[in-house]
Amino acid sequence: MARKLLLAHIDVPGINTFEVYRQKGGYRAVEKALKTMSPEDVVEEVKKSGLRGRGGAGFPTGMKWGFLAKPEGVPRYLVCNGDESEPGTFKDRYLMTHIPHALVEGMIVSSYALGANTSYIYIRGEMMPQIRIVEKAIAEAKAAGFIGKNILGTGYDLEIHVQPGGGAYICGEETALLESLEGERGNPRIKPPFPAVAGLYGCPTVVNNVESIAATVPIVNDGGEEYAKIGIERSTGTKLISASGNLVRPGVYEIEMGLPMEEFIYSEEYCGGIANGKRLKAVVAGGSSVPILPTHLALKTAKGEPRLMTYESLADGGFVTGTAMGSGGFIAFDEDQCIVRNTLNYTRFYHHESCGQCSPCREGTGWMEKVLHKIEYGHGDMSDIDLLWDIQQKIDGNTICPLGDASAWPVASAIRHFRDEFEWHILHPEEAQTRNYGLVMEGVES
Amino acid sequence: MLSVKENKIVDFSTPLLEKFAEVVARYPKGRQKSALLPILHLVQAEYGWLSVDAMDKVAAYLDIRPIEVYEVATFYTMFFLQPKGKYVLEVCRTGPCCLVGAERIMQHMEDKLGVKEGEVTADGLFSWRGVECLAACGYAPVLQIGPEYTFYENLTEEKVDQLIDELKQKAQTK
Ligand SMILES: Cc1cc2nc3c(=O)[nH]c(=O)nc-3n(C[C@H](O)[C@H](O)[C@H](O)COP(=O)(O)O)c2cc1C
Ligand code: SF4
Ligand code: FES
């Protein structure tokens, strides 16, 4: 059995309550950090742990914390990113629903490390039930003396508040999130300045994902070195994977970094294989934004090595034959799925969610959607494939925030790996309305 | 589109104003605008949608200009700027849900309720619409119903029928 750090006690009845969570050793990390460690010590342990941001970008958490500016007399903020809107990702919701105190405990430890006295947990507005759960957990921790003034007699003060979003994927982008938290539209800010220097209310701010913050609890309890022993290379510790699509057992799994993708998909411990006895066609391994891979490249790298669930192995081959860990949103496609239709759906999503500030993203996503719609509904021309390629290339890297890139990559990878299927749609417009292309990888019957 | 339809003068109740004050207390002095989204959620939960008049009153409460409220209310998809059905059924229409039948569920919703996406049924009880990934892709297809955003997972046509019938009954007994 793989080691579990975040979900170790997930099956304990009542683990969502303070009492049971505490009985299972909860809030030890707060006691240890506040009573026996300086804030710098905590930052040091997080650095040693090798923890990388679990929100999508994989930036080393300790290093990010190290960048936080500390001007005299200016408050600093920790803001937790619980916007979780990347299609295919539902681990933060799971964590907040079932073991909310893991997040609250992580918030206390992390706020202490950063010297923040007021911290916010931004949760997407649709998660009203989770907002209530986390608010209750905060109230329980406060009643027990772990939040508030002079926590555990150490002189450290902390308040934690929950902020609801309003339904906008873009607010997961950290500067859009800060705008939203200030009561504005979620328009990403131009960087620099980075939030570490000028974030919430213009003050130094760290934004971290729910899972990253929860991971600081085992790191403080067991030490950064222990945490770093799990995993491979620069992918340390455990990762929550949200598994969806055509799997026998979709759901949230905590894996040790380094698990072979094949084992994750097919073993009984995890997803149990492809549903309804079908075959696997493609995988999106890290949320809708990362490149889609056909089965042969998903299970093995282009070098023929097993594809492992680590930042490095998933990225092996770059975007030509590889993909990215992203948010850990793992989406499996069976042989009946249509890649063109799926790409159209993703592109529609990005078009809908573009904040509209930059023209390549605002116009490009809409244009790609139109072209894909045309192909999907039997009116495409062969030149449309090149047009799509051209548009995505002009978006990628030319926008204020990475949503533009995120809209380009799924289109680029779909064309790169499934060009035949696009061509088949165009050459057989009528047939494409009644059946799917299936698994065929090579050779277009014209 | 902002709507002045049914633009009753809303006077926020004392309990609602108390909730507003609780929210405003979460932010530093002078940063009360941060309370805008939470307050709009409270107002929508109370009245079902956001009329121009309600938004103007929120602006006055937060000491900001009305346009600042409209700007925000029009940006975020959760805020309704027109009256909706008593129950708004929001079905996820994003990629992962579509792999396991979300499109079929939306079609069924339209057939069963007899109204197109965004419209209100004649009895005023229901609206439905497609929304983007609800972070529940492993339990797809899914739908949610505000203002508490109750969740319904692993939907089938039968489950949708059952849910709609239950809601109809619930509305009658109230
Ligand atoms: C369009 C877009 C959406 C994002 N959505 C999320 C999200 O829902 N949750 C999240 O934690 N990070 C999201 N991110 C990444 C954040 O900008 C940021 O990198 C992250 O919250 C930092 O936390 P971490 O270092 O702990 O991962 C998103 C980024 C972009 C560009
Ligand atoms: S890339 Fe798109 S979402 Fe990001 S700032 Fe530009 S328009 Fe907005
Ligand atoms: S795609 Fe429907 S909940 Fe994520």
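Cβ atoms are placed via backbone N, Cα and C, with glycine included.
Curation plays no part in TrEMBL annotations; they are all automatic predictions.
For reference, TrEMBL has these:
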BINDING   B:Cys92, B:Cys97, B:Cys133, B:Cys137  [2Fe-2S] cluster binding site
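Sequence-distant contacts of B:Cys92 ([2Fe-2S] cluster binding site), defined by Cβ-Cβ distance under 8 angstroms and a gap of at least six in the same chain, are B:Ala102, B:Gly130, B:Val131, B:Glu132, B:Cys133, B:Leu134, B:Ala136, B:Cys137, B:Ala140, B:Pro141, B:Val142, B:Leu143. Reduced to three states, the DSSP call for B:Cys133 ([2Fe-2S] cluster binding site) is coil. Cβ neighbour count for B:Cys133 ([2Fe-2S] cluster binding site): 29 (other Cβ atoms within 10 Å of its Cβ, all protein chains included). Classification of B:Cys97 ([2Fe-2S] cluster binding site) by DSSP places it within a helix.
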